[in-house]
Amino acid sequence: MFEIKKICCIGAGYVGGPTCSVIAQMCPEVRVTVVDVNESRINAWNSPTLPIYEPGLKEVVESCRGKNLFFSTNIDDAIKEADLVFISVLSNPEFLAEGTAIKDLKNPDRVLIGGDETPEGQRAVQALCAVYEHWVPKEKILTTNTWSSELSKLVANAFLAQRISSINSISALCEATGADVEEVARAIGMDQRIGNKFLKASVGFGGSCFQKDVLNLVYLCEALNLPEVAHYWQQVIDINDYQRRRFASRIIDSLFNTVTDKKIAILGFAFKKDTGDTRESSSIYVSKYLMDEGAHLHIYDPKVPREQIVVDLSHPGVSEDDQVSRLVTISKDPYEACDGAHAVVICTEWDMFKELDYERIHKKMLKPAFIFDGRRVLDGLHNELQTIGFQIETIGKKVSSKRIPYAPSCEIPKFSLQDPPNKKPKV
């Protein structure tokens with residue numbers, strides 16, 4: 001069997017960088033070169049400050065960079081010298097979750113490798129299997145044809161996104177009835193046929209994969225004349241958009257039907273904790289809706305650079321003209337963001353937000369002081385926060401009948417809950 005000695009990975013992003021770094025660490029006899037046309041990104045991979053944040057990634061890179069792991073812009077030579085070339089890990093789809101990518105790579109549920117059902121294709125499949133067998137048990141390495149491997153990737157993310165949209169749809173029902181979506185999720189999750197994974201209600205899912213892969217599935221079904229199937233999966237995206245608009249509408253209604261010229265602290269801008277990735281983050285869309293109503297946003301995230309937040313909010317379709325410069329301030333810490341605010345809006349479930357000094361925050365906020373918890377990170381603190389004096393609104397639950405009631409306006413909302421939001425254009 002052909003032995004792989006040199007690997008080239010085209011693309012030094014969130015997938016290629018971590019994946020090939022782990023391959024280099026687990027296969028010290030294989031030379032791995034990650035190439036990209038983006039020179040600044042490659043320079044960052046070769047520096048002490050990596051271009052992406054992922055727990056454990058820095059240690060992996062530093063353990064083998066310059067030994068058998070290299071980052072380069074010399075794409076042509078790397079391809080010519082390679083025994084195997086990864087192109088965005090096509091036909092070998094990744095099933096990584098940002099925030100746990102290194103753990104997922106080192107201890108995967110499965111590795112899926114697809115290839116042509118030809119002698120050449122099967123030899124390539126077996127050669128790649130041999131690379132993964134350095135650390136992955138053979139029974140966890142699945143081989144399929146190329147279509148099956150690609151569809152498996154799309155369908156896996158579609159099913160996960162579907163579960164999130166399903167529980168988010170129930171969160172709206174819970175708020176209307178007095179049920180608690182966390183209690184509902186726990187009850188149904190104990191059914192072994194359902195399981196308890198991905199039943200966490202929130203302001204909506206984000207990241208680069210879920211929406212992209214569901215929409216790819218929708219497009220594929222439409223192209224193959226399966227309109228009913230396409231419509232079914234489109235609803236997963238529609239509910240996610242609805243949840244974001246519903247959360248923003250709830251903020252506006254609770255703040256006496258207007259946020260114009262009011263200061264709103266946005267805590268968290270990454271699409272989830274333990275990553276600096278903001279792609280399709282719900283924070284972007286919630287910020288857009290609040291900016292459209294004239295709110296002044298003070299945004300804090302522990303891992304997202306100021307420049308990234310400004311770029312995301314400045315996209316056409318998210319903001320207009322000078323909206324960002326007029327309405328957005330990037331804060332260096334959460335207390336600065338909350339100082340003088342009418343409301344605190346939690347959009348990312350960073351653990352640090354559970355440990356803030358909320359009595360200190362309350363003293364410096366305008367009254368009545370509101371907290372809108374879009375990630376249910378403060379569930380265990382509701383009694384304490386109410387004692388301090390906060391009015392609390394959270395996803396999928398009525399916190400207390402003693403608070404200032406959430407009463408949606410009878411007027412037509414300033415943005416429609418039915419109309420889809422403007423999509424951020426691809427850059």
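Placed from the backbone N, Cα and C atoms, the Cβ positions cover glycine too.
Taken from TrEMBL as is:
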type	residues	note
BINDING	G11, A12, G13, Y14, V15, G16, D36, R41, E98, C209, F210, Q211, K212, R279	NAD(+) binding site
BINDING	94-98, 153-157, R193, 200-206, 271-272, R375	substrate binding site
ACT_SITE	C209	active site, nucleophile
DOMAIN	265-380	domain 'UDP-glucose/GDP-mannose dehydrogenase C-terminal'
### Message
Please give me the CB contact count at 10 A for the residue listed as 'active site, nucleophile', counting all chains in the structure.
### Response
24
### Query
So what pLDDT does the domain 'UDP-glucose/GDP-mannose dehydrogenase C-terminal' (265-380) average out to?
97
## Note on the structure
Between the C-alpha atoms of G11 (NAD(+) binding site) and E94 (substrate binding site), the distance in angstrom, to the nearest integer, is 14
### Query
What whole-number distance in angstrom separates the two most remote CA atoms of the NAD(+)-binding residues G11, A12, G13, Y14, V15, G16, D36, R41, E98, C209, F210, Q211, K212, R279?
25
### Those recorded positions of G13, E98, C209, F210, K212 having Cα within 10 angstroms of L154 (substrate binding site)
C209, F210, K212
### Message
A 10 Å Cβ contact count, applied to the binding-site residues G11, G13, G204: which residue has the minimum?
### Response
G13
## Note on the structure
For the residue listed as 'active site, nucleophile', the close binding-site residues (Cα within 10 Å) drawn from V15, D36, N157, F271 turn out to be N157
### Task
Counting Cβ neighbours within 10 Å across all chains shown, tell me which of the binding-site residues F210, F271 comes out on top.
F271
### Summary
For F210 (NAD(+) binding site), the spatially nearest of the binding-site residues N157, G204, F271, using Cα atoms, is N157
### Task
Using DSSP, tally how many residues of the domain 'UDP-glucose/GDP-mannose dehydrogenase C-terminal' (265-380) sit in helix, strand and coil.
42 helix, 21 strand, 53 coil
### Message
Nearest of the binding-site residues to N157 (substrate binding site) by CA-CA distance, picking from V15, D36, K212?
### Response
K212
### Query
By a simple count, how many Cβ atoms lie within 10 Å of the Cβ of A97 (substrate binding site), its own Cβ left out?
15
### Query
Got a sec? Which of these binding-site residues, D36, E94, E98, has the most Cβ atoms within 10 Å?
E98
